[in-house]
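Working notes for the structure below.
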């Protein structure tokens, strides 16, 4: 445990780039009597239906949890929109850095949610296949409970229909359900940390705080916490949106999300230490009925989070190639094409860890650290000693370092992937481990460490 999709409402002005499918985004903020009212970023073409603040909060929490790192960056992003008179991430960067910045951001904004969609498919296929294997009388080798069939079925029956909505406000209740299921899953993970943890051997370096490749974790955390790519869309769904209201919403959302993420990470690592997989549920044994229920909830959660990312990819395509507006026909065509490609890719990749790392360091990191800071530094007329500018000066080089070194380490030190394999401590045969590490396990005398009764 993790930024925008925007509605098709922009009012682009034709320029010399029109032939390339690019249109400059003019400010759409009406003149205000008071300078502070520049914080209102609602155009006359925004959604007619507004979600209440609580629905927006669940959309943000769902985005962060589903597939974030700092609330300051999210507030900075909206402040940049207020300073530039823009109401989308793309138009903000276009106004600040011109066409090259616009294209770079569009590529990042498309790749991040697209890869997130792939990762969600991988999770749904891996997780739900193990759920259906627990149905009495079902052959584990049955093709209809395999990950490929489940990914295809969930796409056709759930993710595609939900992704065809044009208004993200429609996903407010879906996000509420997803957040509720996440809380339930957390309870299961905590319960198993108590009941299963003592029976799983600890790796010899389990309590080392950080290793040389710890920067790889920053990439994964960036992937987890990012919601910048749909921040403006959620912001526009607020009733009477202002920077102050957005700040309160973000602080609340981040606190909830960080709390959930910390508990997930802590309970998961305390249970499995160095054996922890990129997908935590890959660590649990298949005959664990309680975890089977947790897997079902988890699969439903990622399926319900998936449409949030599809909104972003579709919006990027709409802005770059269609001037920000898609007809009903093209809306359907683009959605189906994006989901089809994401589904095909997810059928070919089955290791989640490397997907999260690369997406985090290459896409999430610049979207979180680099671009919001760079935009604010260029737009703001505050003195260099202003707190917002100081934080921006700090975030920008940190983001650049994480992006470069994180990529190098992800390639040179890839995570081990035990996709689809039952972990050694799940076998009913009795054994003990006197010296364990991530790469070497020394089996000795026959002692009862794992008993099937643990999972009943």
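Even glycines carry a Cβ here, placed using N, Cα and C.
According to TrEMBL, the feature domain 'Amino acid transporter transmembrane' maps to 72-411.
Look at TrEMBL and you will find 99-123 (among others) tagged as transmembrane segment.
Among the features that TrEMBL reports, transmembrane segment is placed at 143-162 (among others). With a threshold of 8 Å between CB atoms, the same-chain residues lying at least 6 positions outside the transmembrane segment (143-162) that come near it are 121, 124-126, 128-129, 132-133, 135, 171, 174, 299, 303-304, 306-307, 310, 335-336, 339, 343, 346-347, 350, 420.
Under the heading transmembrane segment, TrEMBL lists 174-194 (among others).
Summarising the annotation, TrEMBL assigns transmembrane segment to 214-238 (among others).
The annotation transmembrane segment is assigned in TrEMBL to 250-272 (among others).
Under 8 Å from some Cβ of the transmembrane segment (329-349) lie the Cβ atoms of residues 8, 114, 117-119, 121-122, 125, 148, 151-152, 155, 159-160, 163-164, 166, 310, 313-314, 317-318, 322, 355, all in the same chain and six or more residues away from its ends. Residues or ranges marked as transmembrane segment in TrEMBL: 329-349 (among others).
Under the heading transmembrane segment, TrEMBL lists 361-379 (among others). Long-range contacts of the transmembrane segment (361-379) within the same chain, counting only residues at least 6 positions beyond its ends with a Cβ under 8 Å from a Cβ of the stretch, are 2-3, 68-70, 73, 76-77, 79-80, 83-84, 92-93, 96-97, 105, 108-109, 111-112, 115, 216, 218-219, 222-223, 225-226, 228-229, 388-389, 391-393, 395-396, 398-400, 402-403, 406-407, 410.
The transmembrane segment annotation in TrEMBL covers 391-411 (among others).
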